[in-house]
Amino acid sequence: MGKVSVITLILGLAVTSALDFGPEINPGIELDAQDYQRLNKVRHLSEQFFGHYKNVTLDDLVPEGRLPTVSDLQCYADFAQLTAGLTSGSLWAYRMIDAWGSIPAGILKGHLKDLGHYDECIGIEQSAVSGSTILGKYCLASLPLQQLLGNVGRMMNVQTAVCFPASCSATNMDTLLRRVLKQLVGLELNANQNLVSENSCKTSERDAYDGGAIAAIVILSVFGAAVIISTFYDYFLCEDQKKLPAVLKVFSARANSRSLFRITTKPNPNVIECLHGLRGMSLIWVCFGHDYIIAITSPNINLYDVYAWAKTPFKEVIQEGVFAVDSFFFISGLLVAMVALRSMEKAKGKLNIPLMYLHRYLRLTPIVAVSILLYWKLLPHLGDGPLYGNWNFDSYDRCEGNWYWTLLYIQNYATDSECLAQTWYLAIDMQLYIISPILLIIVYKWGKKGAAVVLLLLLGLAAYLFSIIVINNYSLVSGGGGGGPDDYSEDLDHYTHNRASGWLVGFLFGYFLHTIRGKAIKLSRPAVWVGWITCLALLFTCIFAMYPYGLGKTKTLPSVNEAFYVSLSRIAWPLGLSWVVFACMQGYGGLANSFLTSPLWQPLSKLSFCVYMGHLFIQNLNAGRTRVNTYFSNYDIMLRFWQDFGFSVLLAYVMYILIEAPCGGLETLILPNRRPAPQPKVQAAEPSKEEIPSPLDLEKQAPESSAAIDPANDSTLATAPPLESKTQLQTCERNETS
């Protein structure tokens with residue numbers, strides 16, 4: 001799958017690729033009446049096979065040129081038993097053919113997949129005369145309609161459910177289907193064209209829990225038991241919360257829930273409150289975009305309506321969801337620079353880099369490790385369905401042999417098959433964090449000259465990004481260039497040097513905020529209007545600039561133009577966000593500030609890391625369990641989103657209570673004390689976590705529970721003097737019709 005696992009998280013390219021279905025239906029194309037009649041002959045395959053079952057021979061099950069094997073003989077014996085069952089009217093035999101799908105009604109509208117009745121098929125269990133047991137085997141067969149319907153059919157990859165005895169292999173089914181299609185409509189198929197593949201087949205048999213799955217259950221059970229015991233002691237046995245032992249407090253769901261849901265309504269000039277809203281909105285954007293990707297690749301009854309949707313401006317909001325990830329990078333760079341530089345001044349420029357890295361790693365890795373176990377070892381056992389395990393984000397075998405790269409945060413460079421699709425962002429963010437001490441020292445020692453060096457680095461990386469787009473002729477519109485969309489995403493979206501722009505802009509903006517030290521900057525009303533107009537122009541240009549070029553195949557954009565768009569938009573987006581943050585801090589935010597600083601964003605902001613890591617788990621689980629076809633529309637996807645997002649937040653809360661909060665608390669207890677002398681003007685927003693000792697105490701607004709998306713906490717360790725105080729989101733799976 002290569003980098004496909006990560007491409008799906010780059011929403012822009014993922015959706016663009018998903019819309020490349022091949023030739024769109026041309027209303028001027030005429031459908032031959034005889035071809036349509038041939039199609040109707042095979043529309044109800046189960047009826048055709050009802051008669052053919054009784055006459056199956058061994059030659060019908062074995063490909064030409066191959067001698068029968070033991071499994072072929074067993075398959076033939078089970079077919080004989082099936083024939084006897086059909087003759088005698090046995091219910092189990094009729095269930096096997098009743099579970100079949102058909103060529104769906106509405107194929108000219110994009111209804112290209114009939115899932116049949118999955119549970120009826122795999123639920124078959126019948127004792128044979130030989131003493132063996134006949135089980136049902138469900139498969140999705142691909143039917144070559146392009147050879148039946150001419151030009152109209154060449155865009156259709158129709159799949160329908162078939163049900164056979166489980167002793168039959170996909171090769172047996174494929175051979176039989178070929179011969180039946182030849183008999184019914186005279187269709188000769190290429191030997192290399194598979195109708196049935198083994199990876200589309202399922203039975204009622206399930207894989208046993210292996211060592212990894214058992215280890216995951218044991219680990220979660222141990223943490224769960226610790227949380228239950230600590231919470232029980234906290235709630236029922238401890239009358240004075242101040243006397244609650246520290247170890248029990250870090251595991252107490254009561255104490256951690258108080259910290260999570262505590263919201264601050266009193267304005268605090270030392271806190272950038274709007275970052276809560278920016279983080280929450282970006283998280284929702286990521287989750288919403290992923291639901292659209294899943295919806296597009298679902299078994300829709302109106303798949304060709306996606307063409308009309310793809311020509312609407314709203315499509316750009318989904319396609320350019322990649323900027324939500326740039327928002328995260330911007331916030332990360334901003335907080336690292338702002339908090340660290342302020343603390344470095346107090347520590348006279350000293351950095352405890354080893355402790356800084358250790359703290360960062362220990363804050364992120366427990367949730368990442370548990371997520372790997374959940375996706376890789378537990379998700380395969382938690383659901384079932386005709387499409388389960390074959391979705392865009394849930395290829396479980398990707399973790400085999402690659403999981404350790406994810407725990408080292410170098411998977412974007414080390415492997416072509418990343419374990420967890422969403423962790424590409426963590427790898428880039430961690431790598432940028434690792435180099436942050438160099439940049440911090442530069443700007444701390446040389447001030448504006450150091451900032452100029454960072455600016456030159458930003459421009460140099462943008463120039464490099466521009467050059468590789470032009471050289472490789474990459475295209476957002478057509479998905480072309482190099483080896484195709486996969487190479488596009490590998491080169492432009494996965495590597496740190498190509499995604500650092502947003503983080504560096506945030507870093508420079510954080511340096512600017514550090515230099516003004518919270519001073520009020522008075523701007524005239526026209527200046528404020530110019531600022532907001534420029535900001536909105538930048539943001540809307542980033543989202544909608546490519547819209548006119550995605551309306552048809554005739555419209556193209558030179559690679560130089562696209563290179564300007566990609567390289568500059570990754571700078572323009574965080575620049576627009578810089579004005580939003582600045583205006584909200586300085587009192588020029590108006591309604592935007594009221595919305596972004598709402599206290600209701602605070603709990604979601606604190607859960608953002610766990611939601612980010614867990615939302616694909618929920619989306620894959622819900623999508624993979626489907627037994628019926630779906631309908632593609634904005635309203636239906638909105639319904640899907642709120643269902644998935646609600647359960648994602650619930651899962652995130654469980655992960656926070658079981659893993660993130662306890663591990664964060666233990667890390668605070670075990671590592672040397674990082675808390676410098678308290679500042680008189682700073683009030684602890686979360687007593688269970690350490691404070692960032694600066695006038696702009698971003699710890700209140702970005703607690704360590706969201707460290708993966710907000711490394712403000714990392715700055716505490718980054719700025720600790722050594723020894724003295726010892727103070728921290730293109731292709732989707734190729735579309736359904738290609």
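Glycine is treated like the rest: Cβ placed from N, Cα and C.
Whatever TrEMBL says is automated annotation, not expert-curated.
Under the heading compositional bias 'Basic and acidic residues', TrEMBL lists 687-702.
Marked as domain 'Nose resistant-to-fluoxetine protein N-terminal' by TrEMBL: 72-203.
Residues or ranges marked as region 'Disordered' by TrEMBL: 677-738.
According to TrEMBL, the feature signal peptide maps to 1-18.
With a threshold of 8 Å between CB atoms, the same-chain residues lying at least 6 positions outside the transmembrane segment (211-233) that come near it are 244, 248-254, 370, 373-374, 376-378, 381, 657-659, 662. Under the heading transmembrane segment, TrEMBL lists 211-233 (among others).
Annotation source TrEMBL lists transmembrane segment at 321-341 (among others).
What TrEMBL records for 361-378 (among others) is transmembrane segment. For the transmembrane segment (361-378), same-chain residues at least 6 beyond its ends with a Cβ under 8 Å from one of its own Cβ atoms are 210, 212-213, 215-217, 219-220, 394, 396, 399, 403, 406-407, 409, 419-420, 423, 426, 430, 609-610, 613-614, 616-617, 655, 659-660, 663-664, 667, 671, 704, 707-708, 713-714, 728.
Among the features that TrEMBL reports, transmembrane segment is placed at 424-444 (among others).
What TrEMBL lists as transmembrane segment is 451-471 (among others).
Summarising the annotation, TrEMBL assigns transmembrane segment to 500-516 (among others).
Taken from TrEMBL, the feature transmembrane segment applies to 528-551 (among others).
Taken from TrEMBL, the feature transmembrane segment applies to 571-591 (among others).
Annotation comment: TrEMBL describes 641-659 (among others) as transmembrane segment.
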The domain 'Nose resistant-to-fluoxetine protein N-terminal' (72-203) [mean pLDDT, rounded to integer]: 87
DSSP helix/strand/coil residue counts for the domain 'Nose resistant-to-fluoxetine protein N-terminal' (72-203): 59 helix, 25 strand, 48 coil
Maximum Cβ pairs under 8 Å to the transmembrane segment (528-551) - stretch from the list 424-444, 500-516, 571-591, 641-659: 571-591
Of 424-444, 571-591, 641-659, whichever stretch has the most CB pairs under 8 A to the transmembrane segment (500-516): 571-591
